[in-house]
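Below is one structure, written out as structure tokens, with a few remarks after it.
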Amino acid sequence: MMVCMALVQLMTPGLAFFYGGLVKDTSVLTMMMQSFVSMGVASIIWFLFGFSLCFGESLYFIGNPFTYFGLQGLNVNEALPDMSIPGLLFAGYQGMFAVITPALMTGAFADRFRFKPYLAFIALWLMFVYAPWCHWVWGGGWLAQWGVKDFAGGIVVHVTAGFSALASLIVVGKRQVSEEDLEDHDRPHNVPFVALGTAMLWFGWFGFNAGSALSTGSVAVGAAVNSEISASVALFLWLLIDWVRLGRPGLVGLCVGAIAGLATITPAAGFIQPWGAFILGFVATFFCYACCELRKRLGFDDALDVWGVHGMGGFMGTVLLGVLADPEECGSVEAAPKYCVNPGQVTAGIEQVGKQLVGATLAAVYSVVVTLVLLKAINLCMPLKPLRVDQGLDLTEHGETAYHSPVRQYIQEPKKGSEGDSVV
């Protein structure tokens with residue numbers, strides 16, 4: 001579990017490279033800064049009262065912020081109820097989820113968010129969006145008691161972040177560029193960064209999904225293998241779709257496909273068979289790809305398709321969990337056949353599909369509404385959008401540039417110097 005905690009921590013720098021490579025070269029540091037600073041803000045909140053809000057004594061709507069205030073009551077020798085790992089380790093592991101979730105949103109509003117209001121936004125968002133849903137689904141809240149399942153964050157992480165990202169676009173609007181220049185803004189400035197970020201995210205996702213079993217054993221094995229299958233299927237199918245539509249295979253599309261497959265398998269990773277993971281990878285490709293195209297037709301300027309990949313991928317994976325989970329004979333731990341992945345947890349059925357659909361839909365609606373309120377309130381206190389973006393946010397917000405000497409080639413016709421030498 002300590003290794004899994006480190007793997008999930010690695011995902012946030014991986015996200016920084018992934019998003020940083022996808023934006024233009026004058027915004028790369030801003031994107032990376034927004035991911036890295038979440039490691040500071042989220043971790044401080046998590047230490048003080050964030051963990052208590054999520055996993056403290058239930059006050060129905062939220063956990064008691066004083067149950068584990070400052071991580072008091074947690075130590076390295078005692079486990080929390082129904083767990084076998086030290087309470088402090090569990091808090092550290094779950095804290096990594098709180099770090100990366102708000103950073104996922106940043107890809108949607110690239111080039112449109114000043115740094116100071118961003119800090120206020122992610123702090124408030126963690127308290128009013130992430131913490132309630134974490135408590136309701138993972139912390140023993142009312143959705144968990146009702147039977148809604150989310151193995152590693154389809155609802156808690158991807159749906160909340162994806163639909164909050166969509167809501168942010170309503171407030172910040174489109175990027176301040178002409179339609180002619182928008183294509184240049186959408187062109188990744190550093191594809192190797194995108195590939196590196198994908199590799200780090202994929203590597204860390206094994207800690208994200210398999211680690212959510214909170215122990216070694218059959219459930220962790222199933223979650224790890226299912227994650228690999230879904231990501232690989234989505235990677236290759238997304239590549240094929242781009243090849244057919246664009247006339248050539250692209251590395252960026254391949255990377256986006258892998259992330260879509262990983263996001264979609266997340267809520268179901270430890271509950272389904274490998275064949276179910278294959279189906280989810282297939283569904284993730286066509287469903288998420290269609291959502292990304294729909295977003296364009298609707299006119300939402302989601303720069304890096306956070307809603308289409310994370311929001312809708314997590315949504316679909318959450319719902320299909322009710323279809324692809326193990327059959328009814330796996331419902332009992334004692335009498336379960338050996339092939340069951342996670343006996344006694346969840347079985348397929350129309351009732352479970354309904355519960356999953358309700359949970360995912362409520363998360364989506366709640367995230368949109370609360371995010372709109374938070375951003376409107378913050379915008380009254382300090383403007384969200386920068387006044388100038390012509391020089392890029394890296395320079396105007398942070399006074400730094402990623403590339404001090406842009407590579408430019410000036411080709412001129414040779415001219416004769418005074419002594420007949422060629423001058424270029």
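Counting begins at 1 with the first residue displayed.
Each residue, glycine too, has its Cβ placed from N, Cα and C.
Features reported for this protein in TrEMBL:
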- 1-403: domain 'Ammonium transporter AmtB-like' (DOMAIN)
- 6-23: transmembrane segment (TRANSMEM)
- 35-63: transmembrane segment (TRANSMEM)
- 83-106: transmembrane segment (TRANSMEM)
- 118-139: transmembrane segment (TRANSMEM)
- 151-172: transmembrane segment (TRANSMEM)
- 193-213: transmembrane segment (TRANSMEM)
- 219-239: transmembrane segment (TRANSMEM)
- 251-269: transmembrane segment (TRANSMEM)
- 275-292: transmembrane segment (TRANSMEM)
- 304-325: transmembrane segment (TRANSMEM)
- 357-378: transmembrane segment (TRANSMEM)
Query = For the transmembrane segment (275-292), which partner among 6-23, 118-139, 251-269, 357-378 gives the most CB pairs under 8 Å?
reply = 251-269
Message = Checking distant contacts: for the transmembrane segment (35-63), what same-chain residues at least six beyond its ends satisfy Cβ-Cβ under 8 A?
response = 9, 12-13, 15-16, 19, 69-71, 80, 91, 94-95, 98-100, 102-103, 106, 118-119, 122-123, 126-127, 130-132, 134-135, 138-142
Request  = Establish whether the number of Cβ pairs under 8 Å between the transmembrane segment (357-378) and the transmembrane segment (151-172) reaches at least three, counting only pairs separated by 6 or more residues.
outcome  = yes
Note = Per the Cβ filter (under 8 Å) with a sequence gap of at least 6 from its ends, the transmembrane segment (219-239) is approached by 151-152, 202, 205-206, 209-213, 249-250, 253-262, 264-266, 268-270, 272-274, 276-278, 280-282, 284-286, 288-289, 341-342
Message = Taking only the residues in the domain 'Ammonium transporter AmtB-like' (1-403), give me the average pLDDT of this model.
response = 95
